[in-house]
Amino acid sequence: MAIVSSVPLASKSCLHKSLISSIHKLKPFCRTIPTLGMSRPGKSVMPSMSMSSPVSDDGVQRRTGGYHSNLWNDDIIQFLSTPYGEPAYRERGERLIDEVKNMFNSISMEDVEFSPLNDLIQRLWIVDSVERLGIDRHFKNEIKSTLDYVYSYWTQKGIGCGIESVVPDLNSTALGLRTLRLHGYPVSAEVLKHFQNQNGQFACSPSETEGEMRSIVNLYRASLIAFPGEKVMEEAEIFSTKYLKEALQKIPVSSLSREIGDVLEQDWHTNLPRLEARNYIDVFGQDTKDTKLYMKTEKLLELAKLEFNIFQSLQKTELDSLLRWWKDSGFHHITFSRHLHVEYYTLASCIAFEPQHSRFRLGFAKACHVITILDDMYDVFGTIDELELFTAQIKRWDPSATDCLPKYMKRMYMILYDMVNEMSREAETAQGRDTLNYARQAWEDFIDSYMQEAKWIATGYLPTFDEYFENGKVSSGHRVAALQPILTMDIPFPHDILKEVDFPSKLNDLASAILRLRGDTRCYKADRARGEEASCISCYMKDNPGATEEDALSHINAVINDVIKGLNWELLNPNSSVPISSKKHVFDVSRALHYGYKYRDGYSVSNIETKSLVMRTLLESVPF
């Protein structure tokens with residue numbers, strides 16, 4: 001339990017000044033922010049964790065993590081038996097795609113549903129709908145044309161419902177701000193000021209009509225895509241959060257109330273697109289009374305359901321391949337660690353569910369699973385002498401280097417060796433160049449940082465915050481979780497682009513920082529009970545004598561909010577020379593890994609929310 005104290009919060013100037021000063025600038029950061037990434041997927045928050053040191057089969061005293069057993073076995077494949085791989089379903093899907101394209105292309109003033117007084121909001125509605133339903137990949141050209149049209153009418157005061165609307169409209173402007181910003185259009189959040197009164201409150205009536213509530217929903221969604229220094233976005237988030245939470249207490253249970261609940265739950269930086277699509281399918285269009293609009297929502301909904309279920313037939317094939325890799329690699333002999341390959345595959349499927357990204361999904365699942373095993377090996381199971389030997393032999397990158405290693409390390413060495421080499425061959429096919437040495441260096445740096453932390457544990461040394469933070473940038477695992485999987489995609493990453501998304505780019509730094517900071521807030525108590533004293537919390541308290549755990553947590557949570565805005569800027573900066581499409585997958589890796597810490601340490605306690613995610617997005621089909 002955090003210690004409650006009346007000691008004032010330590011000044012932000014006491015800690016990583018460059019981070020704080022940079023975060024509050026709207027423009028791109030001028031200084032490199034010291035970062036820390038993911039508190040390696042899986043540090044436990046289970047208070048019942050065993051910290052004993054049993055004698056292992058080799059007679060060595062070893063610590064244990066006390067993790068629960070693997071939740072999934074080969075029987076999971078049986079749950080993925082689905083008829084939706086049949087050609088008839090795919091053919092129906094193709095027909096629906098054509099019909100939805102016609103919906104985009106038929107938007108004109110000749111359509112009686114559209115007029116110069118509502119055409120802008122109608123166009124935005126269609127784009128927003130296909131994106132939230134997870135079917136937007138089929139309509140890239142149509143979305144681009146639609147948003148170009150909307151942007152051509154964008155003003156400093158926002159937009160109205162239609163091109164001839166006299167007064168700007170909050171719903172249209174908020175939805176337009178969010179959607180245009182996410183697609184790289186240079187739109188300023190200052191437009192929202194025109195909807196505030198003198199007290200900073202956003203214009204709304206006390207009646208709380210459905211239309212007004214939907215306006216505030218879109219205001220809230222827009223506020224999450226804030227850049228550093230945008231005070232109006234902070235005000236919009238505070239106002240809309242309060243408004244929607246109060247509205248939920250008053251309105252009856254309906255698809256609107258469920259949508260509001262889902263939106264409040266779906267934090268932008270832990271939002272998984274496939275999970276969002278699954279949830280939105282349940283509420284989309286249910287309250288539609290207009291006949292023609294109902295027909296449109298029905299087509300969109302049917303396509304979304306088909307797409308969701310058809311993808312599961314591909315997931316069955318991929319998961320079967322992953323389970324064979326796990327078994328053939330001998331992971332079942334590694335009993336000291338967590339086994340989360342199914343969970344990591346689920347996360348990968350939630351951020352990249354386009355069929356062509358199979359290598360990314362499998363590569364991400366494998367890399368993250370190996371990271372987890374290495375984490376437990378360095379933090380808990382290995383002796384300091386064994387770990388130093390393993391670290392040195394990794395640099396040789398030669399199977400003969402395993403001759404001097406303990407049996408369990410021989411297996412891990414060859415698993416890592418084979419995995420990195422395999423993904424390098426896949427990356428060479430995709431990128432047209434050899435990236436093995438690049439990947440090897442990333443893994444060597446990562447393992448060196450683990451070794452540093454193992455030494456801290458062995459000696460009981462508590463580093464300064466900056467010392468801990470610098471090493472943690474590498475030990476986060478974010479870089480090695482993202483690097484090789486994205487290189488296997490059919491997206492070109494020439495050297496000049498790669499250096500803007502990989503280490504030492506700000507995008508990589510900030511993505512790592514948010515995971516380290518959030519991970520430490522979820523895991524520090526269990527880590528400390530296990531003998532791992534160093535964390536963002538303990539190092540902050542060391543640097544700021546008199547600060548309590550509550551002070552440290554409050555400060556770190558504030559920093560996390562600022563880092564999120566910086567990460568938004570790095571992804572969406574309209575003046576960047578790097579396309580959003582090239583940066584998005586690194587950003588999405590951050591979202592996926594961050595999701596594991598949304599409620600607790602979901603990598604060690606994976607039998608609650610993480611298990612639910614597997615069930616809802618991987619194993620359960622959408623009913624028709």
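Glycine too: its Cβ is placed from the backbone N, Cα and C atoms.
Here the structure is a predicted model, which means the values were calculated and not measured.
Checked against Swiss-Prot, the range among 145-149, 240-244, 375-379, 565-569 recorded as motif 'DDXXD motif' is 375-379. With DSSP states grouped into helix (H, G, I), strand (E, B) and coil, the motif 'DDXXD motif' (375-379) comes out at 5 helix, 0 strand, 0 coil. Put simply, D379 (Mg(2+) 2 binding site) is 9 Å from D527 (Mg(2+) 3 binding site) when counted between their Cα atoms. D375 (Mg(2+) 2 binding site): 24 other CB atoms within 10 A of its CB, across all protein chains. There are 24 other Cβ atoms within 10 Å of the Cβ belonging to D527 (Mg(2+) 3 binding site).
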